[in-house]
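Below is one structure; the comments refer to it alone.
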């Protein structure tokens, strides 16, 4: 192995020969990153991306000033989806080293499963990967049940079964229980529900190539809530939390669902399918019904649900929706504490009524007269949350994945949101 390139931190500007406002410069000993005191974490992340772009695959964080946040910022920019990189980390105290190690374990897991090709990450694969991670961090405190294929139909998980039946790979529901006390009667503090569409062709409302080429990442919500629970456990979570992953491929076949089909859910709601590419809300509905039945204090669902959220926020923020102002504010406080970006978008009672159908109680997509697609999608989901006005958060995961590299990020998954949700779970 070649000798590691040393990366140091400097609070002095770079020599003029490196250019005005240079992020970094080469020194006799390696590379110096020039901090300005303004968004130093962002600067370090951008420098990490540039250093990786120069083909330097073995580096050492050296000298003074490195703490867990600066080390992590460097890694977020330096890490890419292909090729191996090694970092010799600067010395940290025991608490910071533990935090860094857990971020590397869990958030890298999230990025890896989202980046994996759909051929390798089908519904069953995703569910099993989630089980493996949580069993690793939670040990005997974790139990789970997997329901798949026709068993879903027999148990009336009609949204998940309907969406997934068109694929040769059967749909899967993972119900996982983290119960630190071991008491079967212990109250459930929170339920986390994740959309796990492992490939989304759009179904018969088929996507164009430009919108389909990143759809291996349509299980980003499932990865996010799985990682959030795992990371919360590493931070000492001592409350009972249930994880529900709704995993399926959305494919075209002779057995795939069609426009005009009507889905009858266990809570009595009927939904007319008028767009098979609005499938995420159909599978999440089953998970939210199960979550509501647990009577938890907190329900969080996460999904790469709408293009409308990306149009509003780009890939820089996750979109947050809630009727519970106090809870939404606590989530935003957790995001600020963890240096992650969330932005609240509107969700009002009238959004719940913008899904008209001539043949069912709800349409799975709003009509042309109601263009607020991210808000109406959240409104749809609210019909499957028993007490939707309190204790429910919906995350539209617009920051989960980037199709192209930018100055701070390589192409692919980001891992944004894991720390925020873990913070909320452990702080509540």
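Keep in mind that glycine also has a Cβ here, set from the backbone N, Cα and C atoms.
Taken from Swiss-Prot, the feature active site covers 207, 281. Sequence annotations record features per position, and here Swiss-Prot assigns Mn(2+) 2 binding site to 195, 200, 218, 279. Residues or ranges marked as Mn(2+) 1 binding site by Swiss-Prot on the basis of sequence analysis: 200, 277, 279.
Location within the structure of each feature annotated in Swiss-Prot.
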residue: 195; record: Mn(2+) 2 binding site; Cβ within 10 Å: 31
residue: 200; record: Mn(2+) 2 binding site; Cβ within 10 Å: 27
residue: 207; record: active site; Cβ within 10 Å: 15
residue: 218; record: Mn(2+) 2 binding site; Cβ within 10 Å: 29
residue: 277; record: Mn(2+) 1 binding site; Cβ within 10 Å: 19
residue: 279; record: Mn(2+) 2 binding site; Cβ within 10 Å: 29
residue: 281; record: active site; Cβ within 10 Å: 28
What does DSSP say about residue 279 (Mn(2+) 2 binding site): helix, strand or coil? coil
Checking your reading of the structure: which of the recorded positions 207, 277, 281 lie inside a 10 Å Cα sphere centred on residue 200 (Mn(2+) 2 binding site)? 207, 277
One should report the C-alpha separation between residue 207 (active site) and residue 277 (Mn(2+) 1 binding site), rounded to whole angstrom, as 8
Cβ-centroid neighbourhood (8 Å) of the Mn(2+) 1 site, 200, 277, 279 excluded: 163, 197, 201, 202, 203, 205, 207, 215, 218, 250, 276, 278, 280
Other than 195, 200, 218, 279, the chain contributes near Mn(2+) 2 (Cβ within 8 Å of their centroid) the residues 163, 197, 215, 219, 248, 250, 280, 283, 303, 304
Rounded to a whole number of Å, the separation of the Cα atoms of residue 277 (Mn(2+) 1 binding site) and residue 195 (Mn(2+) 2 binding site) comes to 14
Rounded Cα separation (Å) that holds between residue 218 (Mn(2+) 2 binding site) and residue 281 (active site): 12
Could you tell me the C-alpha distance between residue 195 (Mn(2+) 2 binding site) and residue 281 (active site) in angstrom, no decimals? 8
Coarse DSSP state, helix versus strand versus coil, of residue 207 (active site): coil
